[in-house]
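Below is one structure, written out as C-alpha coordinates, with a few remarks after it.
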Amino acid sequence: MPIVIRNGRVIDPASNTDRVADVFIVDGRIAGVAPNLSSPKAEVFDATGMIVAPGFIDMHVHLREPGFEHAETIESGSRAAAAGGFTSICCMPNTKPVNDSAMVTSYIVEQARSKAAVNVFPIGAITKGSAGEELAAIGAMKAAGAVAISDDGLPVMNARVMRRAMEFARSYDLPIIQHCEDLNLSAGGDMHEGANSVRWGLRGIPAASEDVMVARDLVLAQLTGARYHVAHISTRNAVAMVEYGRSHGLPVTCETTPHHFGLADADMAPYDSNYKMKPPLRSCGHRDAIIEGLIAGTISAIATDHAPHPGSEKMQEFERCPFGIIGLETALALALEELVAPGKITLARLIELFTTGPESVMRLGRGTLTPGAPGDVTVFSPTVEWTYDVNQSASRSRNSPFHARTFHGGPMATIVNGGLKWSRQSSHIT
(Lines of atoms letter the chains of each structure in order from A and count residues from 1; the text may use other names and numbers.)
(Lines give C-alpha, C1' and ligand atoms only; values in the text may rest on other atoms or scores of the structure.)
Protein backbone atom coordinates (compact mmCIF):
# COMPACT_ATOMS: atom_id res chain seq x y z
CA MET A 1 0.00 0.00 0.00
CA PRO A 2 1.29 3.51 -0.77
CA ILE A 3 2.14 5.64 2.24
CA VAL A 4 2.16 9.41 2.72
CA ILE A 5 4.20 10.91 5.56
CA ARG A 6 2.43 14.20 6.05
CA ASN A 7 3.47 17.64 7.32
CA GLY A 8 6.90 16.79 8.72
CA ARG A 9 10.04 18.86 8.44
CA VAL A 10 11.88 16.93 5.72
CA ILE A 11 15.67 17.08 6.05
CA ASP A 12 17.68 15.21 3.42
CA PRO A 13 21.35 16.21 3.26
CA ALA A 14 21.83 14.21 0.05
CA SER A 15 19.51 16.55 -1.84
CA ASN A 16 19.99 19.67 0.32
CA THR A 17 16.33 19.52 1.32
CA ASP A 18 15.08 21.20 4.50
CA ARG A 19 11.41 22.20 4.38
CA VAL A 20 7.98 21.19 5.60
CA ALA A 21 6.59 18.74 3.06
CA ASP A 22 4.98 15.36 2.50
CA VAL A 23 6.88 12.23 1.50
CA PHE A 24 5.05 9.85 -0.84
CA ILE A 25 6.17 6.21 -1.11
CA VAL A 26 4.81 3.87 -3.77
CA ASP A 27 5.86 0.27 -4.44
CA GLY A 28 8.61 0.50 -1.85
CA ARG A 29 10.30 3.56 -3.35
CA ILE A 30 10.24 7.30 -2.86
CA ALA A 31 7.74 8.73 -5.35
CA GLY A 32 7.87 12.38 -4.36
CA VAL A 33 8.66 15.00 -1.74
CA ALA A 34 6.42 18.07 -1.92
CA PRO A 35 3.70 19.91 -0.01
CA ASN A 36 0.12 18.63 -0.05
CA LEU A 37 0.68 15.24 -1.64
CA SER A 38 -2.31 12.93 -1.49
CA SER A 39 -3.61 9.60 -2.66
CA PRO A 40 -7.01 8.15 -1.75
CA LYS A 41 -5.54 4.68 -1.35
CA ALA A 42 -2.47 5.66 0.68
CA GLU A 43 -1.84 5.01 4.35
CA VAL A 44 -1.21 8.35 6.10
CA PHE A 45 1.35 8.96 8.84
CA ASP A 46 0.97 12.38 10.44
CA ALA A 47 4.47 13.75 11.13
CA THR A 48 3.41 17.23 12.22
CA GLY A 49 6.08 18.67 14.51
CA MET A 50 8.49 15.85 13.67
CA ILE A 51 11.62 15.47 11.56
CA VAL A 52 11.41 13.24 8.49
CA ALA A 53 14.79 11.96 7.34
CA PRO A 54 16.25 9.32 5.05
CA GLY A 55 16.40 5.93 6.73
CA PHE A 56 19.25 5.78 9.22
CA ILE A 57 22.17 3.42 8.56
CA ASP A 58 24.19 1.73 11.31
CA MET A 59 27.39 0.45 9.76
CA HIS A 60 28.66 -1.42 12.85
CA VAL A 61 26.35 -3.95 14.51
CA HIS A 62 26.83 -7.40 16.01
CA LEU A 63 23.91 -9.74 15.31
CA ARG A 64 25.64 -12.86 16.72
CA GLU A 65 23.99 -15.23 14.24
CA PRO A 66 25.11 -17.85 13.39
CA GLY A 67 26.56 -19.36 16.55
CA PHE A 68 25.63 -17.06 19.43
CA GLU A 69 21.87 -16.91 19.17
CA HIS A 70 21.55 -16.89 22.97
CA ALA A 71 22.84 -13.28 22.82
CA GLU A 72 21.14 -12.02 19.64
CA THR A 73 19.68 -13.18 16.36
CA ILE A 74 19.29 -11.52 13.01
CA GLU A 75 15.58 -11.20 13.78
CA SER A 76 15.92 -9.77 17.30
CA GLY A 77 18.79 -7.44 16.43
CA SER A 78 16.94 -6.08 13.41
CA ARG A 79 13.87 -5.47 15.57
CA ALA A 80 16.01 -3.48 18.00
CA ALA A 81 17.30 -1.52 15.01
CA ALA A 82 13.76 -0.71 13.89
CA ALA A 83 12.86 0.46 17.40
CA GLY A 84 15.90 2.73 17.30
CA GLY A 85 15.02 4.36 13.98
CA PHE A 86 17.49 2.42 11.83
CA THR A 87 16.39 1.08 8.46
CA SER A 88 19.70 -0.51 7.43
CA ILE A 89 22.39 -2.22 9.50
CA CYS A 90 25.73 -3.78 8.61
CA CYS A 91 26.65 -6.81 10.70
CA MET A 92 30.16 -7.72 11.75
CA PRO A 93 31.65 -11.15 10.99
CA ASN A 94 32.45 -12.35 14.54
CA THR A 95 29.96 -15.19 14.36
CA LYS A 96 30.47 -18.95 14.75
CA PRO A 97 31.58 -19.91 12.24
CA VAL A 98 33.22 -16.60 11.38
CA ASN A 99 31.77 -14.99 8.27
CA ASP A 100 34.88 -15.69 6.21
CA SER A 101 33.26 -17.53 3.29
CA ALA A 102 30.51 -17.18 0.73
CA MET A 103 28.59 -19.92 2.54
CA VAL A 104 28.26 -17.94 5.78
CA THR A 105 27.63 -14.67 3.94
CA SER A 106 24.84 -16.32 1.96
CA TYR A 107 23.33 -17.74 5.15
CA ILE A 108 23.15 -14.27 6.71
CA VAL A 109 21.63 -12.80 3.54
CA GLU A 110 18.96 -15.51 3.39
CA GLN A 111 18.10 -15.30 7.09
CA ALA A 112 17.82 -11.54 6.83
CA ARG A 113 15.61 -11.77 3.78
CA SER A 114 13.11 -13.99 5.59
CA LYS A 115 13.30 -12.72 9.19
CA ALA A 116 14.76 -9.22 9.47
CA ALA A 117 12.67 -6.15 10.20
CA VAL A 118 15.21 -3.88 8.47
CA ASN A 119 17.78 -4.16 5.68
CA VAL A 120 20.77 -6.26 6.78
CA PHE A 121 24.12 -6.09 4.97
CA PRO A 122 26.87 -8.55 5.99
CA ILE A 123 30.50 -7.58 6.49
CA GLY A 124 32.97 -10.34 5.68
CA ALA A 125 36.13 -11.19 7.57
CA ILE A 126 39.54 -9.99 6.42
CA THR A 127 41.28 -13.23 7.40
CA LYS A 128 40.19 -16.83 7.80
CA GLY A 129 38.67 -17.29 11.22
CA SER A 130 39.65 -13.67 11.91
CA ALA A 131 42.95 -15.17 13.00
CA GLY A 132 45.01 -12.50 11.26
CA GLU A 133 47.10 -14.92 9.22
CA GLU A 134 45.56 -16.00 5.90
CA LEU A 135 43.22 -13.86 3.83
CA ALA A 136 39.58 -14.91 3.66
CA ALA A 137 37.72 -15.49 0.39
CA ILE A 138 37.12 -11.79 -0.18
CA GLY A 139 35.91 -11.98 -3.78
CA ALA A 140 33.51 -14.84 -3.07
CA MET A 141 32.08 -13.04 -0.05
CA LYS A 142 31.48 -9.90 -2.09
CA ALA A 143 29.69 -11.93 -4.74
CA ALA A 144 27.50 -13.42 -2.00
CA GLY A 145 26.57 -10.00 -0.62
CA ALA A 146 29.35 -8.73 1.66
CA VAL A 147 29.63 -4.93 1.57
CA ALA A 148 32.95 -4.53 3.42
CA ILE A 149 35.65 -6.56 5.16
CA SER A 150 36.77 -6.42 8.78
CA ASP A 151 38.16 -8.69 11.47
CA ASP A 152 36.18 -6.56 13.89
CA GLY A 153 37.48 -6.82 17.48
CA LEU A 154 40.54 -8.78 16.40
CA PRO A 155 42.86 -6.24 14.75
CA VAL A 156 45.12 -7.43 11.95
CA MET A 157 48.43 -7.18 13.77
CA ASN A 158 50.67 -8.39 10.94
CA ALA A 159 51.50 -5.45 8.66
CA ARG A 160 52.26 -7.72 5.71
CA VAL A 161 48.85 -9.38 5.98
CA MET A 162 47.16 -6.00 6.32
CA ARG A 163 48.94 -4.70 3.23
CA ARG A 164 47.74 -7.70 1.22
CA ALA A 165 44.22 -7.29 2.59
CA MET A 166 44.18 -3.64 1.55
CA GLU A 167 45.35 -4.56 -1.93
CA PHE A 168 42.54 -7.11 -2.26
CA ALA A 169 40.01 -4.68 -0.80
CA ARG A 170 41.01 -2.09 -3.38
CA SER A 171 40.78 -4.57 -6.24
CA TYR A 172 37.25 -5.54 -5.17
CA ASP A 173 36.31 -1.93 -4.35
CA LEU A 174 35.40 -2.75 -0.76
CA PRO A 175 36.10 -0.65 2.33
CA ILE A 176 38.38 -2.29 4.87
CA ILE A 177 37.34 -1.62 8.46
CA GLN A 178 39.89 -1.92 11.24
CA HIS A 179 39.43 -2.16 15.00
CA CYS A 180 42.55 -0.16 15.82
CA GLU A 181 44.32 -1.65 18.80
CA ASP A 182 47.90 -2.77 19.27
CA LEU A 183 47.33 -5.88 21.36
CA ASN A 184 50.88 -5.78 22.67
CA LEU A 185 50.08 -2.47 24.38
CA SER A 186 46.55 -3.24 25.52
CA ALA A 187 46.92 -6.88 26.62
CA GLY A 188 45.06 -7.57 29.85
CA GLY A 189 43.50 -4.11 30.03
CA ASP A 190 39.91 -3.58 31.12
CA MET A 191 39.38 0.20 30.96
CA HIS A 192 41.09 3.39 29.84
CA GLU A 193 44.57 3.78 31.30
CA GLY A 194 44.45 6.82 33.57
CA ALA A 195 43.70 8.07 37.04
CA ASN A 196 40.49 6.07 37.37
CA SER A 197 42.06 2.76 36.37
CA VAL A 198 44.71 3.35 39.04
CA ARG A 199 42.07 4.36 41.59
CA TRP A 200 40.02 1.23 40.98
CA GLY A 201 42.96 -1.14 40.66
CA LEU A 202 42.12 -2.18 37.10
CA ARG A 203 44.59 -2.73 34.29
CA GLY A 204 44.48 0.05 31.73
CA ILE A 205 44.21 0.20 27.95
CA PRO A 206 46.38 3.13 26.85
CA ALA A 207 45.23 5.54 24.16
CA ALA A 208 48.54 4.78 22.47
CA SER A 209 47.30 1.27 21.62
CA GLU A 210 44.79 2.85 19.24
CA ASP A 211 47.09 5.59 18.00
CA VAL A 212 49.88 3.22 17.00
CA MET A 213 47.57 1.08 14.86
CA VAL A 214 45.95 4.06 13.15
CA ALA A 215 49.39 5.46 12.29
CA ARG A 216 50.58 2.16 10.81
CA ASP A 217 47.44 1.64 8.79
CA LEU A 218 47.44 5.14 7.34
CA VAL A 219 50.91 4.44 5.95
CA LEU A 220 49.58 1.22 4.42
CA ALA A 221 46.52 3.01 3.04
CA GLN A 222 48.82 5.52 1.36
CA LEU A 223 50.85 2.63 -0.07
CA THR A 224 47.87 0.66 -1.40
CA GLY A 225 45.19 3.25 -2.12
CA ALA A 226 42.61 1.19 -0.24
CA ARG A 227 39.44 2.70 1.19
CA TYR A 228 40.36 2.47 4.86
CA HIS A 229 37.90 3.00 7.72
CA VAL A 230 38.68 3.31 11.43
CA ALA A 231 35.98 1.69 13.54
CA HIS A 232 34.74 3.34 16.77
CA ILE A 233 37.51 5.95 16.97
CA SER A 234 38.11 7.09 20.56
CA THR A 235 41.34 9.09 20.95
CA ARG A 236 42.47 12.63 20.25
CA ASN A 237 45.57 11.57 18.31
CA ALA A 238 43.63 9.09 16.18
CA VAL A 239 41.18 11.81 15.14
CA ALA A 240 44.08 14.13 14.31
CA MET A 241 45.77 11.45 12.21
CA VAL A 242 42.59 10.72 10.25
CA GLU A 243 42.20 14.44 9.57
CA TYR A 244 45.84 14.60 8.43
CA GLY A 245 45.30 11.65 6.08
CA ARG A 246 42.11 13.14 4.64
CA SER A 247 43.78 16.52 4.10
CA HIS A 248 46.51 14.75 2.13
CA GLY A 249 44.07 12.96 -0.15
CA LEU A 250 43.94 9.53 1.46
CA PRO A 251 40.61 7.66 1.15
CA VAL A 252 40.34 7.29 4.93
CA THR A 253 37.19 7.62 7.02
CA CYS A 254 36.17 6.92 10.59
CA GLU A 255 33.14 6.44 12.81
CA THR A 256 32.47 6.95 16.50
CA THR A 257 29.84 5.62 18.87
CA PRO A 258 27.24 7.41 21.00
CA HIS A 259 28.92 6.17 24.16
CA HIS A 260 32.27 7.61 23.12
CA PHE A 261 30.85 11.11 22.67
CA GLY A 262 28.24 10.76 25.42
CA LEU A 263 30.33 9.30 28.23
CA ALA A 264 33.86 9.44 29.65
CA ASP A 265 35.63 7.20 32.14
CA ALA A 266 34.69 9.70 34.86
CA ASP A 267 31.03 8.76 34.26
CA MET A 268 31.59 5.07 34.95
CA ALA A 269 29.95 3.41 37.93
CA PRO A 270 32.92 1.59 39.52
CA TYR A 271 33.12 -2.07 38.50
CA ASP A 272 29.77 -1.92 36.65
CA SER A 273 30.26 -4.25 33.69
CA ASN A 274 27.73 -2.30 31.62
CA TYR A 275 30.44 0.37 31.27
CA LYS A 276 33.00 -2.09 29.91
CA MET A 277 33.50 -1.77 26.19
CA LYS A 278 36.34 -1.68 23.68
CA PRO A 279 37.66 0.85 22.92
CA PRO A 280 37.07 1.81 26.53
CA LEU A 281 35.44 5.01 27.66
CA ARG A 282 38.31 7.50 27.50
CA SER A 283 39.09 10.64 29.49
CA CYS A 284 37.08 13.84 29.11
CA GLY A 285 39.82 15.26 26.89
CA HIS A 286 39.52 12.39 24.42
CA ARG A 287 35.73 12.60 24.49
CA ASP A 288 35.93 16.32 23.70
CA ALA A 289 38.21 15.54 20.75
CA ILE A 290 35.62 13.10 19.42
CA ILE A 291 32.96 15.81 19.59
CA GLU A 292 35.32 18.23 17.85
CA GLY A 293 35.83 15.64 15.11
CA LEU A 294 32.07 15.31 14.66
CA ILE A 295 31.69 19.08 14.41
CA ALA A 296 34.60 19.51 11.98
CA GLY A 297 33.54 16.67 9.69
CA THR A 298 36.58 14.49 10.33
CA ILE A 299 34.31 11.75 11.67
CA SER A 300 32.03 10.51 8.91
CA ALA A 301 29.46 8.47 10.80
CA ILE A 302 27.88 7.59 14.10
CA ALA A 303 27.70 3.81 14.55
CA THR A 304 26.46 1.95 17.60
CA ASP A 305 28.85 -1.01 17.84
CA HIS A 306 25.76 -2.80 19.21
CA ALA A 307 27.38 -5.71 21.07
CA PRO A 308 24.85 -7.91 22.89
CA HIS A 309 25.92 -10.25 25.71
CA PRO A 310 23.55 -12.22 27.96
CA GLY A 311 23.51 -11.54 31.68
CA SER A 312 25.19 -14.85 32.46
CA GLU A 313 28.29 -13.57 30.66
CA LYS A 314 28.14 -9.83 31.25
CA MET A 315 27.30 -9.81 34.96
CA GLN A 316 30.60 -11.31 36.07
CA GLU A 317 33.52 -9.62 37.77
CA PHE A 318 34.66 -6.62 35.73
CA GLU A 319 37.96 -8.29 34.82
CA ARG A 320 36.23 -11.44 33.54
CA CYS A 321 33.20 -10.12 31.68
CA PRO A 322 33.21 -9.51 27.90
CA PHE A 323 33.51 -6.07 26.32
CA GLY A 324 30.53 -4.35 24.73
CA ILE A 325 27.08 -2.83 25.19
CA ILE A 326 23.85 -2.75 23.23
CA GLY A 327 23.06 0.56 21.60
CA LEU A 328 20.59 0.45 18.72
CA GLU A 329 17.61 1.78 20.66
CA THR A 330 19.41 4.65 22.42
CA ALA A 331 21.78 5.97 19.72
CA LEU A 332 19.55 8.64 18.21
CA ALA A 333 18.39 9.91 21.59
CA LEU A 334 21.97 10.20 22.84
CA ALA A 335 23.02 12.08 19.72
CA LEU A 336 20.12 14.50 20.07
CA GLU A 337 20.82 15.15 23.75
CA GLU A 338 24.61 15.29 23.64
CA LEU A 339 25.16 16.98 20.27
CA VAL A 340 22.08 18.81 18.98
CA ALA A 341 20.42 20.10 22.15
CA PRO A 342 23.61 21.88 23.36
CA GLY A 343 24.07 23.43 19.91
CA LYS A 344 27.23 21.53 19.02
CA ILE A 345 25.87 20.34 15.67
CA THR A 346 22.74 21.04 13.64
CA LEU A 347 19.93 18.61 12.91
CA ALA A 348 21.15 18.44 9.31
CA ARG A 349 24.63 17.44 10.45
CA LEU A 350 23.17 14.82 12.79
CA ILE A 351 21.23 13.32 9.91
CA GLU A 352 24.37 13.31 7.74
CA LEU A 353 26.14 11.25 10.40
CA PHE A 354 23.38 8.63 10.25
CA THR A 355 22.75 8.69 6.47
CA THR A 356 25.08 10.17 3.85
CA GLY A 357 28.11 9.61 6.09
CA PRO A 358 27.81 5.84 6.44
CA GLU A 359 26.44 5.59 2.90
CA SER A 360 29.60 7.26 1.55
CA VAL A 361 31.66 4.50 3.17
CA MET A 362 29.47 1.44 2.58
CA ARG A 363 27.81 2.41 -0.75
CA LEU A 364 24.55 0.61 -0.07
CA GLY A 365 22.43 2.73 -2.41
CA ARG A 366 20.50 4.13 0.56
CA GLY A 367 20.44 7.26 2.71
CA THR A 368 18.40 9.67 0.57
CA LEU A 369 14.80 10.67 -0.09
CA THR A 370 15.30 11.49 -3.77
CA PRO A 371 12.60 10.06 -6.06
CA GLY A 372 13.36 6.48 -7.05
CA ALA A 373 15.40 5.75 -3.92
CA PRO A 374 14.36 2.89 -1.62
CA GLY A 375 11.47 3.90 0.62
CA ASP A 376 13.48 3.94 3.84
CA VAL A 377 12.46 6.75 6.21
CA THR A 378 13.26 7.63 9.81
CA VAL A 379 10.81 9.91 11.61
CA PHE A 380 11.96 11.39 14.91
CA SER A 381 11.21 14.09 17.44
CA PRO A 382 13.95 16.27 18.95
CA THR A 383 11.85 16.78 22.07
CA VAL A 384 9.74 13.71 22.86
CA GLU A 385 10.31 12.59 26.46
CA TRP A 386 10.69 8.89 27.11
CA THR A 387 12.47 6.56 29.51
CA TYR A 388 14.60 3.68 28.31
CA ASP A 389 13.69 0.39 29.99
CA VAL A 390 16.27 -2.16 28.95
CA ASN A 391 13.97 -4.95 30.12
CA GLN A 392 11.58 -3.96 27.33
CA SER A 393 14.32 -3.98 24.69
CA ALA A 394 13.73 -5.82 21.45
CA SER A 395 17.28 -7.16 21.78
CA ARG A 396 17.85 -10.52 23.43
CA SER A 397 20.47 -8.93 25.69
CA ARG A 398 20.24 -6.28 28.40
CA ASN A 399 23.80 -4.92 28.69
CA SER A 400 23.29 -1.15 28.61
CA PRO A 401 24.52 1.61 30.92
CA PHE A 402 21.50 3.72 29.95
CA HIS A 403 18.76 1.71 31.68
CA ALA A 404 16.14 3.95 33.33
CA ARG A 405 17.57 7.10 31.73
CA THR A 406 14.96 9.64 30.65
CA PHE A 407 15.71 11.07 27.21
CA HIS A 408 14.43 14.14 25.43
CA GLY A 409 14.28 13.28 21.75
CA GLY A 410 14.11 9.99 19.92
CA PRO A 411 12.65 7.96 17.06
CA MET A 412 8.93 8.13 16.30
CA ALA A 413 8.57 5.78 13.31
CA THR A 414 10.69 3.54 11.11
CA ILE A 415 9.66 2.83 7.53
CA VAL A 416 11.60 0.22 5.55
CA ASN A 417 11.09 -0.27 1.81
CA GLY A 418 7.74 1.48 2.10
CA GLY A 419 6.44 -0.51 5.06
CA LEU A 420 5.86 0.86 8.57
CA LYS A 421 8.01 -1.39 10.76
CA TRP A 422 7.80 0.45 14.10
CA SER A 423 6.11 3.46 15.61
CA ARG A 424 6.32 4.91 19.10
CA GLN A 425 2.55 5.12 19.21
CA SER A 426 2.06 1.36 18.91
CA SER A 427 5.53 0.09 19.91
CA HIS A 428 4.74 -2.85 17.63
CA ILE A 429 7.51 -4.13 15.37
CA THR A 430 6.52 -5.90 12.16
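Every residue, even glycine, has its Cβ placed from backbone N, Cα and C.
The active site feature in Swiss-Prot is assigned to D305; the stated evidence is sequence analysis. DSSP assigns D305 (active site) to coil in the three-state reduction, outside any helix or strand.
Taken from Swiss-Prot, the feature Zn(2+) 1 binding site applies to H60, H62, D152, D305, supported by sequence analysis. Taken residue by residue with DSSP, H60 (Zn(2+) 1 binding site) is part of a strand. The Cβ of H60 (Zn(2+) 1 binding site) lies under 8 Å from the Cβ of C90, M92, I177, A231, H232, E255, T257, A303, T304, D305, H306, each of which sits 6+ residues away along the same chain.
The Cβ of G324 (substrate binding site) has H62, K276, M277, K278, D305, A307, P308, H309, N399 as same-chain neighbours under 8 Å, each 6 or more residues away in sequence. Look at Swiss-Prot and you will find H62, L63, R64, N94, H309, F323, G324 tagged as substrate binding site.
Sequence-distant contacts (6 or more apart, same chain, Cβ under 8 Å) of H179 (Zn(2+) 2 binding site) comprise S150, D151, D152, G153, L154, P155, A231, H232, K278. For D152, H179, H232, the entry in Swiss-Prot reads Zn(2+) 2 binding site.
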(request) Give the residue from the recorded positions D152, D305 that has the most other Cβ atoms within 10 Å of its Cβ, counting over every protein chain displayed. (result) D305
(request) For the recorded Zn(2+) 1 site, whose residues are H60, H62, D152, D305, find every other residue on that chain with a C-beta no more than 8 angstroms from the centre of their C-beta atoms, and list them by sequence position. (result) V61, M92, N94, G153, A231, H232, A303, T304, H306, A307, G324
